[in-house]
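Q: Look at TrEMBL and you will find 5-105 tagged as domain 'NADH:ubiquinone oxidoreductase chain 4 N-terminal'. Residues or ranges marked as transmembrane segment by TrEMBL: 7-38, 58-76, 88-108, 114-134, 141-166, 186-209, 216-237, 249-269, 278-300, 339-361, 373-406, 427-448. Residues or ranges marked as domain 'NADH:quinone oxidoreductase/Mrp antiporter transmembrane' in TrEMBL: 110-395.
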Amino acid sequence: MVVLMFWFSFIGGLIMLFVSSINLMYLFIFIIILISWICCLNYQGEFILSEIMLYSDGLSNSLVFLTFWVGLLMLLSSNKIYKFSEYSSFYIFLIYMLNLFLLITFFIGDYLYFYFFFEITLIPTFMIIMGWGYQPERLQAGIYFIFYTLTASLPLLVSILFLYNIDFNLFYFLFIYDFKNFSGGLMINLMMIMAFLVKLPMFMFHLWLPKAHVEAPVAGSMILAGVLLKLGGYGLLRVSKFLIKKLNFLNSYFVGLSIVGMILVGFICCRLNDLKSLVAYSSVAHMSMVICGVLSFYIFGFQGSLMMMISHGLSSSGLFCIVNMYYERSSSRSFYMNKGLISIFPIFCGSIFMLSAANIAAPPSINLISEIFLMASIVGFDCILIALFSVGSFLGAVFTIFMFSYTQHGKLYNSYYSSVGSYFREFHILMLHIFPIYILVLKTELFIML
């Protein structure tokens, strides 16, 4: 069944190069998601595919589901590209290949193969940004994206080779039991985690993220915020179990910097007037919470980080999607050009309210459970930091409520009088973002990492 999942993803991309029927494409993707979820959900352990060691547990299964779900929503959200782009088939092929690479990255059981697929995801993402971005500045955004991630990833390759020289194996499930015997130096440990901290990204290494988000098409922003950032959290969770002793001295610095970054990003968001930039910067604040949870080395921190990655992947993807819907009608991402929208788009108002509520961890979303777990891990790590953590969460609520109230109330911009109304397709996309956020809170046991 696992072999079928890999082949369906690859063959699907090839089929989409020659098939122009969008309805057939949607049906095919739903079949892929169904088969993949059945294959992956109840399996935990290691297995071999063509002499490559694969590994499956609660962590990888959850992120595989997120990858397929966001991949489906990417295709549903790109209707404008299907209508007006001459290379829509190649665009769909890139999305399929990106999802396939992400799938293998989450399932691979070897650190060296993980590094290879971790890096190869840059290629289709870069091509999507450069080929279908909105403005000429996308060239600078693509260069930032490649430069930051590649520069930070090269030390990761060195540390992986150093690991192999020590233990002569690079399999996850062996290191889970042998991490106490790991004798690598502190510098090797830092080299290993820096790639993941930049990918998340941690504050001070985040400059590439707003540029990439703002210049990317809607599908690029959705996969970037929904899944690609989670590669950093996934890698951090994978290596944290045998880095616990070596990073003990630096945890306070990383956690403290992340919490300070949450607060500073919150203030930055409060003064932004670009909808897409605000959603992009809010991702930095949420991923700072993930860093705090992982580096606290508490089980609550691990579980909360995983739930935060899933919930943020859905809510941020939905916010980028609805911002794009506004942009298609007003041709602007500015707050000043997108006001009073509740009067003509009540469906969008309800959707952005639900997504904003999830973004600030309002009940009954899974974001609330994740923040409670993360706060518990911070209390166990250092009681003093919980006050700063709470300030960061409060600022997140402030700028999210500001975004909602400013866009939905006020005087309607003139261009909206001649714009089209909402489509059922758009309502369908938004509901597919919202539904899992408020339903998965009933099945939190799915996020238990074994």
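Each position is counted from 1, following the chain as shown.
Here the Cβ of each residue, glycine as well, is placed from N, Cα and C on the backbone.
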Q: Would you report the average pLDDT that the model assigns to the domain 'NADH:ubiquinone oxidoreductase chain 4 N-terminal' (5-105)?
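A: The average pLDDT of the model in the domain 'NADH:ubiquinone oxidoreductase chain 4 N-terminal' (5-105) works out to 69.
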Q: Can at least 3 Cβ pairs under 8 A be found between the transmembrane segment (339-361) and the transmembrane segment (186-209), with each pair 6 or more apart in sequence?
A: no
Q: Check for me, if you would, whether the transmembrane segment (373-406) reaches the transmembrane segment (88-108) - at least 3 Cβ pairs under 8 Å, residues 6 or more apart in sequence.
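A: Output no: the transmembrane segment (373-406) is apart from the transmembrane segment (88-108).
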Q: Thinking of Cβ pairs under 8 Å, which stretch from 58-76, 114-134, 216-237, 249-269, 427-448 has the most of them with the transmembrane segment (88-108)?
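A: Counting Cβ pairs under 8 Å, the winner is 114-134.
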Q: Counting only CB pairs under 8 A, let me know which of 216-237, 249-269, 427-448 has the most with the transmembrane segment (114-134).
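A: Looking only at 216-237, 249-269, 427-448, the most contacts with the transmembrane segment (114-134) come from 216-237.
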Q: Quick one: do the transmembrane segment (216-237) and the transmembrane segment (58-76) have at least 3 Cβ pairs under 8 Å, skipping pairs fewer than 6 apart in sequence?
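A: Judged by the Cβ rule, the two regions touch, with the required three close pairs present.
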Q: Per the 3+ Cβ pairs under 8 Å rule, pairs at least 6 apart in sequence, do the transmembrane segment (58-76) and the transmembrane segment (249-269) touch?
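A: No, the transmembrane segment (58-76) and the transmembrane segment (249-269) are not in contact.
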